[in-house]
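Everything on this sheet refers to the single structure shown next.
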Amino acid sequence: MENFSNSKRIKSEKLGIDLIRSRIEGYVKDLKLRHVDVDELVERIVSGWCEDMTRKETIDYCSETAASMITKHPEYGQISSRIIVSYIHEITMDSFVEKIKYIQKHRGMVSEEMYGIILEHGETIEGMINYENDFLFSYFGILTLMKSYLIKVGEEIIERPQDMFMRVALQIHKTDFEKVREVYNLLSGHYFTHATPTLYNSCLKNPQLASCFLITPREDSIEGVYHMINQAAIITKYSGGIGLNLHGIRSKGSSLRSTGGRSNGIIPLIQVLNATKRYINQGAERRPGSIAIFLEPWHMEIFDFLELRKNTGPEEFRARDIFTALWINDLFMERVKNNEEWSLFCPSQAVGLSDVWGEEFNALYCKYEKTISRTVVPAQKLWKAIIEAQIETGTPYMCYKDACNRLSNQQHLGTIKSSNLCAEIVEYSSGEETSVCNLASICLPMFVKDGWFDFEAFRRVVKILTVNLNRVIDFNYYPVEEARRSNMRNRPIGIGVQGLADLFAILRLAFESDGARSLNQDIFEAMYYSAMEASCELAEKEGPFPSYEGSPISKGIFHFELAGRKASGNWDWEGLRERIRRHGVRNSLLIALMPTAGTSQIFGNNEAFEPHASNIYTRRTHAGEFQIVNQHLVNDLVRLGLWSYEMKNLVIENEGSIQNITSIPHEIREIYKTAWEIKMKSVIDLAADRQVFVDQSQSLNIFIAKPTYSQLTSMHFYGYHCGLKTGMYYLRTRPITSAIKFTVDKKLAEKTLSSMNDTDDPCSMCSS
């Protein structure tokens, strides 16, 4: 325990300027950094130096000072990271086993099974760990890990990032050390990551590793409603994000047979869920509890539902910590398009309407319009209320009920009634089954090899993740029985991606280019094929998932065929179909493109499949406020001899855009268009192209700087007609007024811009 007895002493020790300079010079030499000015960095450190700073305070100050220069060049971020990681290594023990013992002694949080495995096989496990890989993290990534992911005792960080990765590998494969090594090496090398709850809870007591839970109330009664609230509370306690639907809960004013009273409707119920979410804290400063509530647009209280997150209005009708989402049927979209009437019903009278979809829904809905009481509104009036809510609050999400059911390998189980917290999971849930999804994402930039995307390496990793997520299903702790029952019966998984925009930049592909569109399709076809192949191989050994019979895949129908599309011919789909006919598949669902908000920060990738929001921006997280530079852009401009203090100021002055900086070659400007400059039609086209190979859905954000009714209507209908399941996760908008850019020397920027050569000579880097 020597490291821990010395930890406080190390923190309180003082570091001198000479030692700081020596260390920085060593980092620059070791990392072969060509763009770090040691004298300038040390000068900045000296300018704010305080003689009585402790070692911990000095480390924080020096790393923050280096990080403040990231906009000068991303290499300063490597210095920041090196300072922090070196310090973590100083104050933590070298032995993984000793750290686990220490955690168990002081917090008692390691599971007895995993504790026994670690103690028995400690030498084997420690021989696999490479702590040098901790230095692969960016400054931003390492701070995020320190703040929220690495295990602490009190305020003391006990483990290193590699220890966390080893916990994950051990949790998944236990004593199968060949697979433990394989998974650890890929995690350590930043090829993929498991979901945040898996990183948090692996090897701990009650290892709840799943991200997403979808709840349907058992019944419209006090007992049914509070059973749902109880489930939500317990799942939130164990780091799960929740999507639930209230389609079947009666509306305000409807009669209560048991008491003779009147229902207060869904708004007070949503406020109870809102308060529950606020009350329950998931692991202190870790993942906060979150709930998304789905409602069909025929529900009598739909207009009040749309008001829930608005900034103004009576507080008794607001629940701003809840995320709202719509579960939209085709008939509503048709009526909006044709400017027809729309009927609102109380679910206690419109019995079974949420239980059907497609033509069956249309027939029942039209029957109810003729036979039961209803409120009639113009469909476009409701549509306008939806758009107004989205412009003000960014929500509700737009999920298309009929597409989600029509294009689902779980359609044989019953009607799917909602998505999840992030609108990428589409699974069947009922009063008896709370659906679950276990997630992981692949870091796409890691598969660039000699200027090409390495599909074989990519396919190998997809197959490894498919196996991993099956083990997660098997070894997961299920906080409620309904979740265990559903996950064991249907065995859905969700493999996603991060860094698609980074991949395009590395390969010199503009987001809107034909090349990007083609690669996008090829990646997700390969991903679906590889996951399906691995799932079939597992089924050969372990049998198909228990609810396999009757599913589309049991009939030899792939997801892209449900969508009426054909595969490219790159892969042997017919051979795979024949193998599935013989053995089945182990999983009902395979691909789900989640937001990756937390893990992409750790691994230094752009989120999921999104375009870059900016080329220079401030990131705010639990760990603080950070300036992020698009390092691919900086590297390109450095090669062209264009990156300078003045250029940095120009990019800041242009709010992270380079489109008006004509000294930058046109090809480069095309590659680094931001989300605000890319046509949303192109973003939706990419989403639609990959959707045919995504058997769940995708957390698709829409970026419109100053959205209007007509713009949003156009985007929604375009995505709907393209066959998207999730038409919109969040609507991202920009502030009406820009913040004052205190760091910009505006006159110098203008002078530099006017003096630059504005000819668009071809870029040699883009011609290959």
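Backbone N, Cα and C atoms are what each Cβ position is placed from, and that goes for glycine too.
According to Swiss-Prot, the features are:
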type	residues	note
BINDING	SER7, LYS8, GLU13, LYS14, LEU15, GLY16, ILE17, ASP18, LEU19	ATP binding site
BINDING	THR196, SER211, ASN420, GLU424	GDP binding site
DISULFID	CYS212-CYS437	disulfide bond
SITE	CYS212	site 'Important for hydrogen atom transfer'
BINDING	ASP220, SER221, ILE222, LYS237, ARG250	dTTP binding site
ACT_SITE	ASN420	active site, proton acceptor
ACT_SITE	CYS422	active site, cysteine radical intermediate
ACT_SITE	GLU424	active site, proton acceptor
SITE	CYS437	site 'Important for hydrogen atom transfer'
SITE	CYS763	site 'Interacts with thioredoxin/glutaredoxin'
SITE	CYS766	site 'Interacts with thioredoxin/glutaredoxin'
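Shown here: features listed in Swiss-Prot, placed on the structure.
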{"residue": "LEU15", "record": "ATP binding site", "CB count, 10 Å": "17"}
{"residue": "ILE17", "record": "ATP binding site", "CB count, 10 Å": "13"}
{"residue": "LEU19", "record": "ATP binding site", "CB count, 10 Å": "11"}
{"residue": "THR196", "record": "GDP binding site", "CB count, 10 Å": "22"}
{"residue": "SER211", "record": "GDP binding site", "CB count, 10 Å": "27"}
{"residue": "ASP220", "record": "dTTP binding site", "CB count, 10 Å": "16"}
{"residue": "ILE222", "record": "dTTP binding site", "CB count, 10 Å": "11"}
{"residue": "LYS237", "record": "dTTP binding site", "CB count, 10 Å": "16"}
{"residue": "ASN420", "record": "GDP binding site", "CB count, 10 Å": "33"}
{"residue": "CYS422", "record": "active site, cysteine radical intermediate", "CB count, 10 Å": "28"}
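If you take the CA of SER211 (GDP binding site) and look 10 A around it, you hit none of the binding-site residues from ASP220, ILE222, LYS237. In this structure, the C-alpha atom of CYS437 (disulfide bond) lies 13 angstrom from that of THR196 (GDP binding site). As a whole number, the greatest separation of Cα atoms within the dTTP-binding residue list ASP220, SER221, ILE222, LYS237, ARG250 is 28 Å. Here CYS212 (disulfide bond) comes close to GLY240, GLY241, GLY243, ASN420, LEU421, CYS422, ILE425, VAL436, CYS437, LEU439, GLY494: these same-chain residues lie at least six apart in sequence, with C-beta atoms under 8 angstroms from its C-beta. In this structure, ARG250 (dTTP binding site) belongs to neither helix nor strand by DSSP; it is coil. Annotated GDP site THR196, SER211, ASN420, GLU424; additional same-chain residues within 8 Å of its Cβ mean position, judged by their own Cβ, are ALA195, CYS212, GLY241, LEU421, CYS422, ILE425, CYS437, LEU439, GLY494, ALA592, MET594, PRO595. Farthest C-alpha pair in the GDP-binding residues THR196, SER211, ASN420, GLU424: 16 Å apart. Note: the CA-CA distance between GLU424 (GDP binding site) and LYS237 (dTTP binding site) rounds to 22 Å. Every protein chain considered, the tally of other Cβ atoms within 10 Å of the Cβ of SER221 (dTTP binding site) stands at 14. Between the CA atoms of SER221 (dTTP binding site) and LEU19 (ATP binding site) there is a gap of 69 Å. Under 8 Å, Cβ to Cβ, and six or more positions away along its own chain, ARG250 (dTTP binding site) finds ASP220, SER263, GLY265, CYS346, PRO347, SER348. THR196 (GDP binding site) sits 37 Å from LEU19 (ATP binding site), taking the CA atoms of both as reference points.
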